[in-house]
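Report on one structure; see the data block that follows.
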């Protein structure tokens, strides 16, 4: 009996506890990411943004949560009720599930699997199903058009993201996310004998792929200027037209969880994860998770500034950028990186 508990029960209980702790921390982080998104947008437009609920509006997201929870959900008469309610649940569940393999620090990961990057890529590819289900089940033209746009957009830019990941894997030689971070301990800064660890990270050696990944992440998460699936001026609110109350909140939660996931993935692949930017004792003393959160927050700030400054693309421009620019460019970079690694013997 003791062997049974030590082999199955306690490890399962510990994993459940870790998952709940990560879930609570992630939901709190998403609440303040949403607030930061609104504050940054307001600052660019010379407005104050949310500033009533709590000091500096810090509790605005929790007030919105209460508002959504206590509103009555209205289901359209012609909608498929089961799929209509299941769609936001699928969206938010998949967006949160991918965080199981994200290492926030050395050994701070729920499931340190050897194919972690493949798991994240697969989960992010499945998120489009929640949007398609919601658009189809609404039995309305605007949601259906938004869902079709989303499916085409996500499929188009997943190809480029896949090639970017292949390029990083060629340099690292592992699918494990922890190994990808640890591989960024050695690079240009180390070769030059400088303590500038940020020169070792992949953002410098793979700069074109860093730009492609960042822009493709915007398209993958339906962020402006690629928010065609929910374009307010064209499709009212896209696939979320018929949603309100808690289902709408779950779609929003899934969207921002996916955005935070892409910020974390950018941090891991290109910005050194939890590694400090300069290798000195004072910065090495700072916990790695602090560096991880700061870097992910910086990436999200870039997401928010793009939303504030860049106008929305037309649909044909979006498709042209994905298939005629990013796809051949990322494919060429894969070939170039593989050739350089083979030529120099770094592989």
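Using N, Cα and C of the backbone, Cβ positions are placed for all residues, glycine too.
What Swiss-Prot lists as transmembrane segment is 14-34 (among others). Residues 58, 61-62, 65, 96, 99-100, 110, 252-253, 256-257, 259-260, 293, 300 of the same chain lie 6 or more positions beyond the ends of the transmembrane segment (14-34) yet place their CB under 8 Å from a CB of it.
Residues or ranges marked as transmembrane segment by Swiss-Prot on the basis of sequence analysis: 50-70 (among others). Panel annotation: around the transmembrane segment (50-70), residues 31-32, 34-35, 38-39, 42, 245-246, 248-249 of the same chain, lying at least six beyond its termini, place a Cβ under 8 Å from a Cβ of the stretch.
Feature annotation from Swiss-Prot assigns transmembrane segment to 83-103 (among others); the stated evidence is sequence analysis.
For the transmembrane segment (115-135), the list of distant contacts is 83-84, 86-92, 94-95, 97-98, 100-103, 143-148, 150-151, 154-155, 158, 161-162, 165, 168-169, 175-178, 180, 220, 229, 238-240, 243, 251, 254, 258, 261-262, 265: same-chain residues at least six beyond its ends, Cβ to Cβ under 8 Å. The transmembrane segment annotation in Swiss-Prot covers 115-135 (among others) and rests on sequence analysis.
Swiss-Prot lists 161-181 (among others) with the feature transmembrane segment, giving sequence analysis as the kind of evidence.
Look at Swiss-Prot and you will find 198-218 (among others) tagged as transmembrane segment.
Nonlocal intrachain contacts for the transmembrane segment (258-278), taken as residues 6+ away from its ends with a CB within less than 8 angstroms of a stretch CB, comprise 26, 29-30, 33, 95, 98-99, 102-106, 120, 124, 127, 164-165, 168, 177, 180-181, 184-185, 195-198, 200-203, 206, 210, 213-214, 217, 220-221, 223, 284, 286, 288-289, 291-292, 295-297, 299-300, 303. Feature annotation from Swiss-Prot assigns transmembrane segment to 258-278 (among others); the stated evidence is sequence analysis.
Swiss-Prot lists 286-306 (among others) with the feature transmembrane segment. Within the same chain, residues 29, 33, 36-37, 40-41, 44, 104-106, 108, 214, 218, 223-225, 259-260, 262-264, 266-267, 271-277 sit at least 6 positions outside the transmembrane segment (286-306) and bring their C-beta atoms closer than 8 Å to a C-beta of that stretch.
Annotation comment: Swiss-Prot describes 321-341 (among others) as transmembrane segment.
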Intrachain residues whose Cβ lies under 8 Å of the transmembrane segment (198-218), provided they are six or more past its termini: 157, 160-161, 164, 167-168, 171, 184-190, 192, 224-226, 262, 265-266, 269-272, 275, 277-278, 299, 302-303, 306, 321-322, 326, 329-330, 333, 337
